[in-house]
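Student: Provided herewith is a single structure, encoded as structure tokens, for subsequent inquiry.
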Amino acid sequence: MGNNSLFLHLLLALLLGHVKPDPDPLQDYCVADNKPKGSFFTNGKPCIDPNLASPSHFCTSVLSKPGNTKGNVFGFNVTLTNTVNLPGLNTLGLTLARVDLSENGIVPPHSHPRASEVTICLKGSILVGFVDTSNRLFSQKLLPGDSFVFPKALIHFLYNPDLNSPALALSGLSSQNPGLQLVALASFTSKPSIPDQILAKAFQITGQDVSRIRKNLGG
Ligand SMILES: *[C@@H]1O[C@H](CO)[C@@H](O)[C@H](O)[C@H]1NC(C)=O
């Protein structure tokens, strides 16, 4: 494709609103170079010489071990593939996530600004849901083998209602860098903080409530 027709193609794609989650790769693969010489900024990671690519660049065991769910108040641990532990996924627009939930654990309401997500429950039961932009909740209880999709950027949660056994889910995300914003943490533990009076008005609570919530969330 010549430069001109590429430009026209891009312009047309923009006009028609064909916005892709991640740009398509222009070659078979672009194994991430995690130690590039010098510092420069690219959209994604630069690639190693394709002749140096090996099968191990396309393989990882990072999802084989359960995450420790005791490390946070919510009782979840998410392990992600990324361009460091799986350099072959650079530019492919994919992430795989292992979601471990403790007994009664929750991945609290959050959003991925750059990715849709499809999740499959592998162990236990998981109550999942997302809220659309008209504030409607779509929620389901998943059992092992059941899958659910969360549309891009919409706020969603995963909850293990079982008080006695942990739960496990696996998620695919449509970006190599989906991004994550937890609603509670973004609101109450940002650095620097959102001023108390703003949170008090936004959530219709008192200044004392704001302090208590900040403290509970470790902010
Ligand atoms: C998730 O689990 C891993 C592996 O046990 C651990 O190193 C990490 O600190 C845990 N993360 C959190 C937020 O608890």
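Every residue, even glycine, has its Cβ placed from backbone N, Cα and C.
Pulled the feature table from TrEMBL, pasting it below:
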type	residues	note
SIGNAL	1-21	signal peptide
DISULFID	CYS30-CYS47	disulfide bond
DOMAIN	61-211	domain 'Cupin type-1'
BINDING	HIS110, HIS112, GLU117, HIS156	Mn(2+) binding site
BINDING	HIS112, GLU117	oxalate binding site
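Walk me through where these features lie, including what they touch and how far apart they are.
Tutor: When secondary structure is read from DSSP and collapsed to three states, CYS30 (disulfide bond) falls in the coil class. Cβ neighbours within 10 Å of CYS30 (disulfide bond), excluding its own Cβ and spanning all shown chains: 22.
Mean pLDDT for the domain 'Cupin type-1' (61-211) in this predicted model: 97.
According to DSSP, HIS112 (Mn(2+) binding site) is assigned to coil rather than to any helix or strand. A C-beta separation below 8 Å, combined with a sequence spacing of at least six in one chain, links HIS112 (Mn(2+) binding site) to PHE150, LYS152, ALA153, LEU173, SER175, PRO178, GLY179, LEU180.
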Student: Return only the integer: C-alpha distance in Å from GLU117 (Mn(2+) binding site) to CYS30 (disulfide bond).
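Tutor: Each residue's Cα considered, GLU117 (Mn(2+) binding site) and CYS30 (disulfide bond) end up 23 Å apart.
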Student: Would you list the other residues of this chain near Mn(2+) - those whose C-beta lies within 8 angstroms of the C-beta centroid of HIS110, HIS112, GLU117, HIS156 - in sequence order?
Tutor: SER111, ALA115, PHE130, PHE150, LEU154, ILE155, PRO178, LEU180
